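Marked as region 'Disordered' by TrEMBL: 1-21. Sequence annotations record features per position, and here TrEMBL assigns compositional bias 'Basic and acidic residues' to 1-10. As annotated by TrEMBL, domain 'Inner membrane component' applies to 129-179. The transmembrane segment annotation in TrEMBL covers 132-155, 226-252, 311-331, 337-358, 365-389, 409-431, 443-463, 510-530, 634-653, 659-680, 687-707. Positions annotated as domain 'Sodium/calcium exchanger membrane region' by TrEMBL: 362-459, 561-704.
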Amino acid sequence: DIPKGPDSRGDGAGPRRGSHCDRRCSTIDDDLGDLGCHLARPRGPTGMPTPPCCPQHSEEVCESCTLRTTLTAENVVEANKLSNNYKFGFKKWKSHVTARPWEDRSEIVKELYADLTVVRGPAGSTLTCGNVLYLLLFGWWLSLLHGLVAAMMFLTVVGAPHGRLCWDLAGYFLWPFSKVIQRVEVPKCPEDGTGESSALLGGPGPRRWCPRCWEGTGHWERVGTAAWLCLGFPVLALAHGLVCVTAWLLIVTIPVAKLSARSATCVLLLPPQLLRVRTLRMTEVPPQGEVILCCSRAANPYYYKYSVHGINVFAVNLLPLVLVTLVLGYVDSHNHVSGSTLKFSLALLSIMPLSYYIGMAIARLSTFAVGAVVNATFGSITELTFYISALLKGSREGSACYAEVVKSALTGTLVGCVLFVPGLCMVIGGIRHQEQRFNSRSAGVTSALLFLSVGGVFAPTLFSKVYGKLVCGECHNVTRNLLGHYLCHNCHFDVMDSNGTLYYSHVQPLVYTVSLLLPAAYLIGLCFTLKTHSHIYDIHISGCHMPGHHHSAEVHWSRWHALVILLLSTLCMSACADLATEHISPILTNSTVSQYFIGVTVLAMVPELPEIVNGIQFALQNNLSLSIEIGNCIAVQVCMLQIPILVLFTIFYPTNFTLVFSDLHVYASMFSVVLMNYIFMDGKCDYFQGTVLVMVYFILLAVYFFAPSPSGC
């Protein structure tokens, strides 16, 4: 909802004969416009055509047009984050890490954060779907409850003022959308000498009974307030608290949550003689009056954009799930309250908000000096905690099934980030934009690293198939002839032989060599893209800011705040991963599908859901380069960082994990990488190519679904 910046193209009068290079620059300028970015090209004088982006007018596309990107940001912190998004090795983060100026927000977003004390003019009928939903879910029983409390307060006599307030609130909460609650000044009661004169007695008449005077007497007011706080207020506060929590969890009904929260903390605690419930069309707020509650609509579909201290509302709502998971998992360790299936599901769901908090903390801590180091250290912490916990459990139980599940999860992450993540982003982004372009050279760097990493990871597997010994479970003579054909089942290449000479003398040294070379290649890639050849991104921070933008930045999280959240989220992530592996055994043993399928889907893609959401948001803004880089960078980290770390872990703590994968993992990974590089060869794509990638991914999932269980499971 950032207002678009001024058009950077020339405004020369009359037709102009531009080269293909100029038209390409114009196309890229339009593509980057949705991000608030534009290409910095010199503008000619008024009435003169805009000079071309390159001196020669040819039909070739100049390289500088496709690479130069000038970013426009509100402040230095946001500019640094946007710049790091395009660089290899940095966390790609869509959301803001600083608070945006209020004047730069759209009217839709301003309405989300509007106070309930603002009286809005009539905006149409109040009979909307959201308001009717409020009536069906909350309004009728809230009104009934206030009516019952009003009757109870009338029975106490001293609580009659609060009873009248509850009776008025019963009508208000039944349908609050055309009414307001005001705080008014109570006029003073007449004194004894100012009463009406009696014509019969010739003096001041007897003083009339005034309810306001009786309510204001100190003793009875304190007694009535005590009765209200003991009998009426707890019931209504509990009801409004329940409504507040329920409406907040539904997200689209957050206005109802604000309404209930303000009612419980403000309206019900004020003296009843100061409150008036009036209809909106008849209300004229006096100068001494104050509107304390006014709600015009119960639901707003745009509340998915709502954030609390920079944290998206979905991540806020899922945070209590983490606490429930940890308490239920460690307190009920013997499954007396719930089973292993529920605990496993809760542990996986808890990984999603924790991944969001880790990602936001990394984005906040990322600077040019430490951003790549922080992302390499904590960017894969979600997956590594689960993999190491699974390997430890398999080692304790002496089962090779957990090692196979970890290999399936590694392969599933690789295949999903290469095919599914960019394919889904291309499909969703292609629906809004007919054709999307991206920096093919920067994408080529990660593609080359991906080729190198896949070749290095599967080199021990190919080596074992060349020099290993084929061992079969059972063989049957089909022709009943000693020299005839045999039908064998459960065949695999055995690298251990009788004494493991082939593995320990040849395969294991190869694994250690590959595990050293892959991180070295990752460091060389960082040096290439961030230091020696950083011009392939050619990112510049524009000196002109949009109207209303300020150079000062009010960050959501300070660096120490982000560091503490990062460490706490990592600790909770480790606990959830431990619970997931502790209760995965029934899933593996009692499942009707292959363990391969469980590994490549649930265990591989659930931790990557925040990254998928980021990629979709970038694609919708016509910035497919970042959508592609998200998937490629995760795949590169899987091969060049996660797998070498697992190999290093097995050196100090021996497990059943070996860098020898099944044929299915090898073929699926290599085919995915080759297809991805073929699709991204020309630097442009559309929804059809994205559909091809997604369909191939689902075909591979079908293969894993019908595949037999791996050995050891």
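Glycine is treated like the rest: Cβ placed from N, Cα and C.
Note that the structure is a prediction, hence the values are computed from the model and not measured.
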Summary of DSSP states over the domain 'Sodium/calcium exchanger membrane region' (362-459), given as helix, strand and coil counts: 80 helix, 2 strand, 16 coil
Within-chain partners of the transmembrane segment (337-358) [C-beta distance under 8 Å, separation at least 6 from its ends]: 311-312, 314-315, 318-319, 321-322, 324-326, 328-329, 378, 381-382, 386, 565-566, 569-570, 572-573, 576-577, 579-580, 582-587, 602-603, 606-611
When counting Cβ pairs under 8 Å to the transmembrane segment (659-680), the leader among 132-155, 226-252, 311-331, 409-431, 634-653: 409-431
Segment proximity, the transmembrane segment (226-252) to the transmembrane segment (443-463), 3 or more C-beta pairs under 8 Å: no
Contact between the transmembrane segment (409-431) and the transmembrane segment (226-252) (3 or more Cβ pairs under 8 Å, separation 6+): no
Helix-strand-coil residue split for the domain 'Inner membrane component' (129-179), DSSP-based: 45 helix, 1 strand, 5 coil
Helix, strand and coil totals (DSSP H, G, I; E, B; other) for the domain 'Sodium/calcium exchanger membrane region' (561-704): 118 helix, 2 strand, 24 coil
